[in-house]
Amino acid sequence: MITLNVKPRGRPLKNLPETVQIDLATTTAEDLYNILSKATGLNRNRLRITKGSDGSVISTKRDDGKLVTVEETGLRDGSQIFVKDLGPQIAWRTVFMVEYLGPLIIHPLFLFVLRPYIYSASKWNPLSYLPFSPSVDGPLPPPTITQLVMCLLITLHFLKREYETVFVHRFSAATMPAFNIFKNSAHYWILSGLNLAYFLYAPTSSPAASWWPRFLDAESNPAVLYGAIALWIFSELANYSTHVTLRNLRPSDGSTKRQIPRGFGFSLVTCPNYLFETLAWLAIVILSGGNWASVFFLVVAAGQMAIWAKKKERRYRKEFGSAYKKKCAMFPGFW
């Protein structure tokens, strides 16, 4: 048996013991987390334990997914450890589901339920006072074909996201700070939810922008309509394929060992999932006729994904060295 000296990192933790006695050879790091979790009454995921010698975080699993023993961490009799409360946590899977739920509800709600109210020019409608408000007097015309198609495709996109969250994705971390759910959800609920829905389903003959070429108007040109739908279908299926590939690289036993992704799309760029995601939203831009709201969302989303892709490209090069073939991060021959 050995004795570890325990101190809080940051604010004091109620009922945190000053010492902990454990068996060096048989106790795992996970056991140590559970002991301190039981003593403090805090969820195990709220705690972070670091070594007093070098400040490094005590991990619970090796790259191969096996549990780390306390002996393997380098702790010995009399060693100092620090315990920090990370605050309320929420599961990554829950965060993803909440993020995608917003636009999944907002788009059908705007088009099929709220449309007569939010686009009314009535003085009682506060939205009618917004600059460039698409409000109209009198009865609203029915939704156009492109508006119905866009609503269907966007809804299917987020249904796919929810399905992948439950059945496809594997997460390297169990939880994240609970407050982050508001920050993470803002992108989806506001930009791809409220922003897109309000301006795409406006009661005009077409949501197309004035600068958009008439021959590319999906409402009047069936070739553009069906071409954009075909692009969307291909992109969504390709995106799903890359997500399955990435899932299969992460074993279900909790291993954090990384592998080089190979397969459809990965010979072109490092992150083909981001490329195909961008193409799917490009199809929505085409269907909308270059509507500013869809263009704005595409630029923001593609820009963010491009940053993530560059970071992943650099990480792959650093981690795998010459074994990883240098390629563009997201757009072939460009980025």
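Placed from the backbone N, Cα and C atoms, the Cβ positions cover glycine too.
The following features are taken from TrEMBL:
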| type | residues | note |
| --- | --- | --- |
| TRANSMEM | 100-120 | transmembrane segment |
| TRANSMEM | 140-159 | transmembrane segment |
| DOMAIN | 175-335 | domain '3-oxo-5-alpha-steroid 4-dehydrogenase C-terminal' |
| TRANSMEM | 186-203 | transmembrane segment |
| TRANSMEM | 223-242 | transmembrane segment |
| TRANSMEM | 263-286 | transmembrane segment |
| TRANSMEM | 292-309 | transmembrane segment |
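Using a Cβ-Cβ cut-off under 8 Å and counting only residues 6 or more beyond its ends in the same chain, the transmembrane segment (140-159) has close neighbours at 100-101, 103-104, 107-108, 111, 115-116, 119-120, 192, 196, 200-201, 203, 205-207, 218-219, 225, 229, 232, 236, 280, 283-284, 287-289. Counted as Cβ pairs under 8 Å, contacts with the transmembrane segment (186-203) are highest for 100-120 among 100-120, 223-242, 263-286, 292-309. Outside the transmembrane segment (100-120), and at least 6 residues removed from its termini, the chain residues within Cβ reach (under 8 Å) are 127-128, 134-136, 140, 143, 147-148, 151, 154-155, 158-159, 161-162, 165, 185, 188-189, 192-194, 196-198, 201-203. Sequence-remote contacts of a segment are chain residues at least 6 beyond its ends whose Cβ falls under 8 Å from one of its Cβ atoms, and for the transmembrane segment (263-286) they are 150, 153-154, 157, 196, 216, 218, 224, 227-229, 231-232, 234-236, 238-239, 241-243, 245-246, 294-295, 297-298, 301-302, 305-306, 308-309, 312-313, 316, 327-332. Looking just at the domain '3-oxo-5-alpha-steroid 4-dehydrogenase C-terminal' (175-335), the mean pLDDT is 91.
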